[in-house]
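Read through the structure below, which is laid out as structure tokens, and then see the notes.
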Amino acid sequence: MTYRTGSLSDDHETTEKKNAVSSSTPLEALGSEEKEPEDGYGSADEDIFFIPSKNPTSSSLQRWKKATLVLNAARRFRYTAQFAEKCRIERLRRLRATAYAVRAINRFLKAGAHTTALADDVKIDAQKLVNIVQEHQTEVLKELGGIQGVTHLLKTSVENGVKDDELELEQRRRLLGNNDYPRQPAKRFWVYVRDACKDLTLIILMIAGVISLGLKMKTDGVKDGWYDGVSIAVAVLIVILVTSITDYRQSLQFTVLSEEKRNIRVEVIRGGRRKHVSIFDLVVGDIVFLKIGDQVPADGLLVDGHSLYINQSSLTGESEPVHVSQRAPYLLSGSKVDDGYGKMVVTAVGMLTEWGQLMAAIGEDTGEETPLQVRLNGVATLVGKVGISVAGFVFGISIIFYFVGHLEGSGNSGKFKAGRTSGSDVFNSLVEIIEVAVTIVVVAVPEGLPLAVTLNLAYAMKKMIADKALVRRLSACETMGCATTICSDKTGTLTLNQMTVTKAWVGGGMRDPVVDLSSLDQDYQTVLIEGIAQNSTGSVFSAGGKEPEVTGSPTEKAALHWGLQIGMRYKEARSQSTIMQVEAFNSIKKKAGVAVIVKNTDKVHIHWKGAAEMILDLCDKVRCPENSIMEIIPEQRSHLLSVIEGMAAESLRCIAFAYMELEDAEVPAEHKLEEWKIPEGPLTLLAIIGIKDPCRSEVPEAVRRCQAAGIKVRMITGDNIVTATAIATECGILKEGDLAIEGATFRNYSDEMRAAQLPRIAVMARSSPTDKLLMVRALKELGEVVAVTGDGTNDAPALREADIGLAMGIEGTEVAKENSDIIIMDDNFVSVVRVVRWGRSVFLNIQKVIQFQLTVNVAALTINFVAAVTAGHVPLTAVQLLWVNLIMDTLGALALATERPNDSLLDNPPIGLKDPLINNVMWRNIFSQASYQVIVLLVLQFRGTDILKLNGSNADEINRTIIFNAFVFCQLFNEVNSRKLEERNVFKGLMTNWLFLGIVGATVVFQVIIVQFLNKFASTVDLSWKYWLISIAIGFLSWPIAFVVKFIPVPKKPILMMKRRRRIRKHRRQGARDDKQSTARGNVNA
């Protein structure tokens, strides 16, 4: 036997979800990750460092980690998913579901036996309210006087809510709790220090430094022997501190962004006025409005509502929606509204709710592998293997050269002589060789390369908030740069979402002005106003002589404003009838209905409003100005359709109002009203209005920029095709040769027809959420990278299926937001274009970091390799290489990964999902700069003393210092080159990037300090101004070289990809020949 929450209440039944899409349960989502995709992804032929941009499998995420060369797993994989933690969360969710089952059993055993005697003067406490809702204590609720009794005890009003007084609200929070839960404690700074210390190479260097310290102090004395060992230790500590500070700051940024994502806006009524407040500001006693797609923000009781179905899968694991009614009014925090609407009174908040306890226990899951991060791990692994090979070779050569007498020992111990060189000198020399080899590994293995992605994404996410985009999934930042098509909604995204009624057909003719209904019979006006006032989820607040304040969706507000203009007194109109049943609007039905009983006459009126042509199809009669009712003949129906088309041609949204009267026998008994489905006809047409929603002035230019950037913009809307075509033409979406079709037409295409027509389709009107989902899937099958905007609950499948789901922040439901990757906070299409720009910027900034770091890698490895093979020693010491590593890994990434995007990014085509991270342009730049550095520095290594005419006992020390100084300045000047991969003007925008200038300036200052003042620490000597100028001049020459090199053309197709394709074709040809030979041998044998 299985138990479900609420199964003991005979009216808390689960029903099939009505025209709405539930969000999948966490258990289902976790389980679905384990399934391998049908396309065979993950086979041996696939690149292990390429994962899908969305919803990758757990096995694929684990495989790339195993294939990655990692020297510090604690730091490399800090921002990726932790599978052990996921399992812990899964177990915790299962435990919660089990606890619900046990609670259901206990309620079953105690059913009917629970009685409570309450004194007349008892004061309800917070825990009693918690138990009423969570344990469904119907008897206790009745003894308290039902919902009205609870609202009385809580000193709140269903009509006016709690007082909008900050002092009273604060008292409620103090007495009955805050609607918040404790967060998992953030990692302290020392944790990041500890993780940085886990780097294997740094550990080896620290051990080598300690050994060197002991030996040098023994041989040279304490006064002179402590420099080398302490220098290495200090250099390692600096690297650890800088790394830790960078990582710690990134974690703080992610924490701030996580808080922003949690901050849901909730609609409440306080002091008689509807307003939006933060979910964290809710108090016990608040009256909260719920509609389709909302998250229930706290535990509470339903005070008023219709057809309300709640999805509690996030708490119980049950995906079937639960019907919440006046007889079973229990609402649990964290559940979602699948259908209907209502009002609830908050009875418990924060940690007194199941949802608060669950969220406090689980915490925030920040682990996510982004595709770019994974691919960079592949690059880092390849470079690391080469670096380790070079370090191993240098170590071997140095050992051999030392023992054959070609290499000087450490300090002043001289060359090795068998039987004469002391054991301590030999050991000290070996330690020094190990230090250099390990330091080469430190420089060669770019551990900071994958973390540069995290740094880049953290910066981008923070700045995107200022551009009205809130990122929910890290990888969406990257994928947005690859988008080839954007499927956009119309209302609010392409238009202003500021609606006004500009056309009206009422009583047989057009009204000019639209508010002039003086020729209509009074009864006609009364019925029309009744439909406007009662068949609405909006409201009107009037405060003594002031302009009425209208709230609700933009369409509802436009209709209510028109109602006020034609003489509607909102409260009076609503008081003259009582609502019996409601059919809520959703994007599938495209209409909303309400059944009311008129108080004076006891007549039952059914009012419908919605898409004009759909309502007209349900009508067989029309009301005339003198209040008579006339049959709609074919000629009049044609005329009404032409009226609708005329309004639509002017970009107006057409809404029709219709009604019907029911006999008493057609209305079910009161106890059956909850299950009653309102009849849809035949109706009597009352009015058709045209609502103007102007196109945003900035949208046409934004659409043009997208089209210039190689992105096809498509409009998917529920409006009729005439309105959609007019708006699309105004926005520049629909051009000559493009198609505008209806959802039904697209739905009925064959697969072949759909694939053939899809490239030309720019507008899909009268579309359902299923049509939107079908279009997304069809586009993805054609190889498109699809971005989709959505705001409704039924948009969730399309948002989840798309490569990038963009939910609207103002009009979007919580279900839509939860299934999205990015939330557009101002609902503006221009913000979508900004997100595209940021996506391209993320990829480009990472390419800049790669180019810069690989140039350092290639130059350092080549110089050390050649010097070790030819001279038997390397020109740069361990401390110097650690300083170079700091410039390359952390400071370089910080400078280059935080470049802001510019409009020129939209002049290029979209980035391919499988485009190589290192393209031919980058290879050209890397090899030209690295070759220059290698040649110049090796010339200085072997002929520097002669060329620079260095004399004296410290000539070699000066030469080595110049080499070190020149090498650092080469990196600083090349860092500026790396700002622009193809542009010749590398200084464009440089003076506005203060962070970049600050990092370069700070690096120069520290280089001066290291060379001039920390001679013992860095194994350098003081340089005169002449040698400083020489070092700077060597670095400066990289600028003209970079300028000239950019004139060299390179093939667009990646060289490595071309070679790989040739190998594949060769392999296939060889396979075909083998097949032919096998067939021929078979025929001969036959």
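Backbone N, Cα and C define each Cβ position, glycine as well.
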Q: Using TrEMBL as the reference, determine which range in 382-404, 842-864 is annotated transmembrane segment.
A: 382-404
Q: Quickly jot the same-chain residues contacting the transmembrane segment (226-245) by Cβ under 8 Å, restricted to those at least six beyond its ends, or write none.
A: 75, 189, 192-193, 195-197, 202, 205-206, 208-214, 216-217, 435, 448, 878-879, 882-883, 885-886, 889-891, 1016-1019
Q: Just give the helix, strand and coil counts over the domain 'P-type ATPase A' (264-361), going by DSSP.
A: 18 helix, 48 strand, 32 coil
Q: For the domain 'P-type ATPase A' (264-361), would you mind checking the mean pLDDT of the predicted model?
A: 85
